[in-house]
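Peer 1: I have a structure I would like to understand better, so I am pasting it below and will then ask my questions one at a time.
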């Protein structure tokens, strides 16, 4: 696959995580199963703590919204009344979270709880964030060339910082100028990329977004953001039309910074 030149006007590189900086298998085979296996125990241990109460409150508000929107959910939505039966209340939260995960939902409520659970796993050393080997040296090169580097992921900002802060290559947080999650908006909506540009104080045209998901690429393009699609093992297959439409790379090292040759 040929190299892709970063246009001279680009001042910001915006990176997706799953399938871009990090193998999809890490998220699918390690992070998500950890939630499913430890969810009930985690809720039982932290149920009375303020942080957990806030997580459950957000999940209840999301369940209310789902009911209003007539989205299918678990048999019992989260009860708004105060339970005397803590075990039953926890079971309902578990059912809701597992249903959301099975539906591959990206709600802020779900991502916040997951982030708090992963924090405990990372800080205890049970999980270390994975990154592709080409990622760290290339980002360091970009930064030396004066480019800003930000992350935009469906995972909460906290979960992003945990992955890079407790990575197999050590603490990598100094590689990034900032982080965005679904609080700025869904990754498949062009307005989210306009908001990011507004937050960064630059026109969308000065941003290059790297992702493996073409729905996200399309939304970014509609906002005026330059897009490069990352092709990694296990990522979703691209159609012939997508392959011809987008600039494609299989490694960050294929992105050439102007004047670096």
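Count begins at 1; order follows the chain as displayed.
Positions of Cβ are set from backbone N, Cα and C atoms, glycine also.
Reproduced below are the annotations present in TrEMBL:
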type	residues	note
BINDING	16, 18, 212	Mg(2+) binding site
BINDING	153, 154, 187	substrate binding site
Peer 1: Once 153, 154, 187 are set aside, which residues in the chain still have Cβ within 8 Å of the Cβ centroid of the substrate site?
Peer 2: 16, 17, 18, 106, 152, 155, 181, 182, 186, 216
Peer 1: List, in sequence order, the residues of the same chain other than 16, 18, 212 whose Cβ lies within 8 Å of the centroid of the Cβ atoms of the recorded Mg(2+) site.
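Peer 2: Nearby residues not in the site list: 17, 19, 20, 21, 22, 24, 153, 211, 213, 216, 230, 235.
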Peer 1: Who sits close to residue 212 (Mg(2+) binding site): which same-chain residues at least 6 apart have their Cβ under 8 Å from its Cβ?
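Peer 2: Looking at Cβ-Cβ distances below 8 Å from residue 212 (Mg(2+) binding site), excluding near sequence neighbours, one finds 16, 18, 19, 20, 24, 229, 230, 231, 232, 235, 236.
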